[in-house]
Amino acid sequence: MFAEYGVLNYWTYLVGAIFIVLVPGPNTLFVLKNSVGRGVKGGYLAACGVFIGDAILMFLAYAGVATLIKTTPVLFNIVRYLGAFYLLYLGAKILYATLTSKGRAATETVVPFGAIFKRALILSLTNPKAILFYVSFFVQFIDVTAPHTGVSFFILATTLEIVSFCYLSFLILSGAFVTHYIGTKKKLAKVGNSLIGLLFVGFAARLATLQS
């Protein structure tokens, strides 16, 4: 399928894309948190930020920025530490809001919907490993002798975005359903938010120690 457009082993790529999307990461966790805390609208706003951020990274990967980042340690480290700092900031913010909330559930903390989108977008864009991954993964399924490799790259990128949309939609709808349950379980909500905050701190530490 899509062989005429320079795509190699599309079905193998699709299976790989599904497994990649299923691996939990900060983007997925952020979408899930907002779907639980702000419902379907909050979840999809976070997902839109992730989709647009990923699309930008995929375009940059195709444009050759990935090679520049990989061969320029200073640039890689700047993006890496910015990403780690932002993850740490989000984790600390969640933990602080959870631990300082008293007479109400932590999920009631109001965050403007616009801020949810912006945070998701920044979270997606400040991951230097993502852009390097797109190149290393996509190149395995592109016929470099094809006349228009841009079309091949676009097909693979679109496929990954569709798979991501389906998975995140499942998380959003599930999270919104869970909201009705934990809405009356303040202790459970606090424990859940605390775990999410700690996971963001953990992601920050892992990103800060990654090498190009």
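Using the three backbone atoms N, Cα and C, a Cβ is placed for every residue, glycine included.
If you look up Swiss-Prot, you'll see 12-32 (among others) marked as transmembrane segment.
Feature annotation from Swiss-Prot assigns transmembrane segment to 49-69 (among others).
Within its own chain, the transmembrane segment (81-101) is flanked in space by residues 26, 30, 33, 108-109, 119, 122-123, 126-128, 190, 193-194, 196-205, 207-208, which lie at least six positions past its ends and keep a Cβ under 8 Å from the stretch. Feature annotation from Swiss-Prot assigns transmembrane segment to 81-101 (among others); the stated evidence is sequence analysis.
Swiss-Prot lists 120-142 (among others) with the feature transmembrane segment, giving sequence analysis as the kind of evidence. Residues 6-10, 12-13, 16, 20, 26-27, 30-31, 34, 45-50, 52-54, 56-58, 60-61, 65-67, 69-70, 76, 79-80, 82-83, 86-87, 90, 149, 152-153, 156-157, 207, 210, 212 of the same chain, all 6+ positions outside the transmembrane segment (120-142), place their C-beta atoms under 8 angstroms from a C-beta of that stretch.
Residues annotated as transmembrane segment in Swiss-Prot: 153-173 (among others). Remote same-chain partners of the transmembrane segment (153-173), defined as residues 6 or more beyond its termini with a Cβ less than 8 Å from a stretch Cβ, comprise 2, 5, 7, 10, 13-14, 17-18, 20-22, 28, 31-32, 35, 40, 43-44, 47, 50-51, 54-55, 58, 62, 134, 138, 141-142.
Per Swiss-Prot, the feature transmembrane segment maps to 188-208 (among others).
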